[in-house]
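Worksheet: one structure, shown below.
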């Protein structure tokens, strides 16, 4: 293994990753699709510690697969890291790649959670997709990899249920 590198599991294979992130500090264009997006991972700075990382994307967008109209969501991703953590700029580019992707709310939300879990191999991961109403009905989608580790502090995701103007 090269000096300054670490091993992090990604998908079905072990990947040797440099300690230098792929995108951080670099000019990076938005991937054309989620399939083209590369998620980058760095070594967990606190291996062995039980803690949670939260990412919130309050202005997430994708496209309705039927009408082609934009759909908007507030995503909250929580995870207890294992050997590696997702690099935040890579995650931002991955999430941004959905703005021209057509998918149902359920597929988009669960797909994001499963890809992160499958590649990063955290101890635990959950995602909440709080979708804004289209056709008068808000849709909230929740997925988690399994029960959270005992002793992990799990704050509420902090997104109020949709109440409209009433």
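Backbone N, Cα and C define each Cβ position, glycine as well.
Residues or ranges marked as active site, thioimide intermediate by Swiss-Prot on the basis of sequence analysis: 64. Feature annotation from Swiss-Prot assigns active site, proton donor to 71. Annotated substrate binding site per Swiss-Prot: 86, 87, 88, 105, 106, in sequence order, evidence recorded as sequence analysis.
Locations of recorded Swiss-Prot features on the structure.
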| residue | record | DSSP class |
| --- | --- | --- |
| 64 | active site, thioimide intermediate | coil |
| 71 | active site, proton donor | strand |
| 86 | substrate binding site | strand |
| 105 | substrate binding site | helix |
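The distance from the Cα of residue 86 (substrate binding site) to the Cα of the residue listed as 'active site, proton donor' comes to 25 Å. For the recorded positions 71, 87, 106, the greatest number of Cβ atoms within 10 Å around a candidate Cβ is found at 71. Sequence-distant contacts of the residue listed as 'active site, thioimide intermediate', defined as residues of its own chain at least six apart whose C-beta falls under 8 angstroms from its C-beta, comprise 70, 71, 102, 134.
The Cβ of residue 88 (substrate binding site) has 15 neighbouring Cβ atoms from other residues within 10 Å, across all protein chains displayed. For residue 105 (substrate binding site), applying a Cβ distance below 8 Å and a minimum sequence separation of six or more within one chain yields 71, 73, 129, 131, 139, 141. For residue 86 (substrate binding site), the Cβ neighbour count at a 10 Å cut-off comes to 21, with all displayed protein chains included.
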